[in-house]
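Peer 1: I am attaching a structure below and will ask some questions about it afterwards.
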Ligand SMILES: [Zn+2]
């Protein structure tokens, strides 16, 4: 496994539409392992392949409930609404308020190209939407309400 370089906003690779995966080759298995390592190292909860410069429809997510791999994911159902801060490893140090569905159902393939269907609420639903947007060349900044703000180290002031 190896860390990959996370592309930052302004890199044209982040604006491209990614290609579907037809076969999970050893190279793709290695990419997925590297994406997890890169995401965990950066303390992220999700990473899409274009963020490491690969234009394939692959997403990794871990919101604290275990690793999830999504290949060729599609959102098939949404409901409700949540409004809250969202950030992105491709825009370090920034966050902004984005409204997303509170419930999302996704169909995809797993690492063995088995069909899977997953449901998520709250943070997981947000991660599904955010990462799948990356596969179509979209950043959360297009959906931000009221501009971006800086996020630094966690401070006690946030409690008050
Ligand atoms: Zn992102």
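Our numbering is plain: 1 for the first residue shown, then up by one each step along the chain.
Keep in mind that glycine also has a Cβ here, set from the backbone N, Cα and C atoms.
Automatic, uncurated: that is what TrEMBL annotation is.
Checked TrEMBL, it gives:
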type	residues	note
ACT_SITE	131	active site
BINDING	88, 130, 134	Fe cation binding site
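Give me the lay of the land around each of these features.
Peer 2: Within its own chain, residue 131 (active site) has 46, 47, 48, 59, 61, 70, 73 as residues 6 or more apart in sequence whose C-beta sits under 8 angstroms from its own.
The C-beta environment of residue 130 (Fe cation binding site), restricted to residues of the same chain at least 6 apart in sequence and closer than 8 Å, consists of 46, 86, 88, 100, 140.
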Peer 1: Within the chain of residue 134 (Fe cation binding site), which residues six or more apart in sequence place their C-beta under 8 angstroms from its C-beta?
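Peer 2: In sequence order, the residues whose Cβ lies under 8 Å from that of residue 134 (Fe cation binding site) (at least 6 apart) are 14, 18, 48, 50, 51, 59.
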